[in-house]
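Structure first, commentary second.
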Amino acid sequence: MLRPKKQSLKPKLKHRPFLKWAGGKFRLTDEINKAFPNKKNCLIEPFVGAGAVFLNSNFERYILADINPDLINLFNIVKXNVDGYIEDCKPIFFADDANTPDYYYAKRRQFNASTEPFERSIIFLYLNRFGFNGLCRYNSKNEFNVPFGAYKTHYFPEDELRYFAHKAQSAVFLCCDFQKTFEFADKDSVIYCDPPYAPLQQETNFTGYAGNEFGLAQQRALADLAKSIQKEKQISILISNHDTKFTREIYNGAKFKRVKVQRSISQNPEKRVKVKELIAIFGARK
C-alpha cells in the first residue's frame, strides 16, 4: 500500500482546479463529499482528471491516478517545484501573441515533437487554458489535436497552482488504469470513480479516454470490478456517471443519488442544458 505523507487539510472555500476539464466535478464536490463514508483516511481516484474532488475533500492521504501520462507528469512537477514551474510558465502565457492561432498551433507542434517532461508540462497547461473549452484529446498518432479556443481573455491560474502544490504533498500521483489503481485499496480507503461519461443515447458508443476508447464494455468492466472489490474489501466505492437506463443496469445493487448538472462543454451554446447524473454508491456509509 502506498503511503504518501500525511497531511490534514480543511478547505474553508471551494478550490478550483488549475486545469479546465471536460466533465470536471467542481460543481458536485459538496454532493460527493456528503456521500463519502466517515472515518476513512485515504481517498483513491482512478480517474483523477483535473482533481476537483481531491482539492475539495478532507482525507489524510490520496492515491490519484489517470492513464494520461501528460496529466500525471504535470501534477508531479507542480507538486515537486511549483515556484520554478510558475516562473517558467509565465513567458509563454504572457507573450504578446499568446492568444493567437499562429502562436497556439506553433506551441501545439512543439508539444507534439517534445520528449522532455518539463517542457511538455508547461506547454500542456498553455494548451489547456488557450485551447477549445479545456478539452484534452489526442489523435491515433498520440498527438494532441485540440483546436485553438479563440477566447477574448485568459487567466493564469497561479493561486490555483500553489494550492494544488500545497495539497499535493499528501498525495501520490500514478499513471495507470483503473484496474491497477483498485489494487491499492485497503480497509482505510474509499474509492471515487469519475470515468468518461456513458453515452446519453445508446447509439453514441464512444467516449474519449486520453486517446483511447472507453466504451460500454469498459463501463461495464468498471462496474463489475467495483462490485467485486467492495465485497472483497468491505469498503465504499462511488461512481459518477450519466443517469441512464444503461448505467442503472450496470450499477445494479448500488444506492443511487441523483443530481442535475449544467453541461459546460458544447460547440453549440444552445445545447448547454442541465443533464441528469447519478452517483452510484457501493457499500454502506460507515
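Quick reminder: no glycine exception, Cβ is built from N, Cα and C everywhere.
As recorded in Swiss-Prot:
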| type | residues | note |
| --- | --- | --- |
| BINDING | W21, K25, D66, D194 | S-adenosyl-L-methionine binding site |
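Feature map: annotations from Swiss-Prot on the structure.
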| residue | record | DSSP class |
| --- | --- | --- |
| W21 | S-adenosyl-L-methionine binding site | coil |
| D66 | S-adenosyl-L-methionine binding site | strand |
| D194 | S-adenosyl-L-methionine binding site | coil |
(message) Residues other than W21, K25, D66, D194 within 8 Å, Cβ to Cβ centroid, of the S-adenosyl-L-methionine site?
(response) G23, G24, E45, F47, V48, G49, A50, G51, A52, V53
(request) Name, in the order they occur in the sequence, the residues of the same chain whose CB lies under 8 A from the CB of D194 (S-adenosyl-L-methionine binding site) and which sit 6 or more residues away. (result) G23, K25, E45, F47, G49, V53, I239, S240
(message) With Cβ-Cβ distance below 8 Å and at least 6 positions apart along the chain, what are the contacts of W21 (S-adenosyl-L-methionine binding site)? List them in sequence order.
(response) G49, A50, A52, G134, C136
(request) Consider each pair of residues in W21, K25, D66, D194, all listed by the record as binding S-adenosyl-L-methionine, and report the largest Cα separation in Å as a whole number. (result) 15
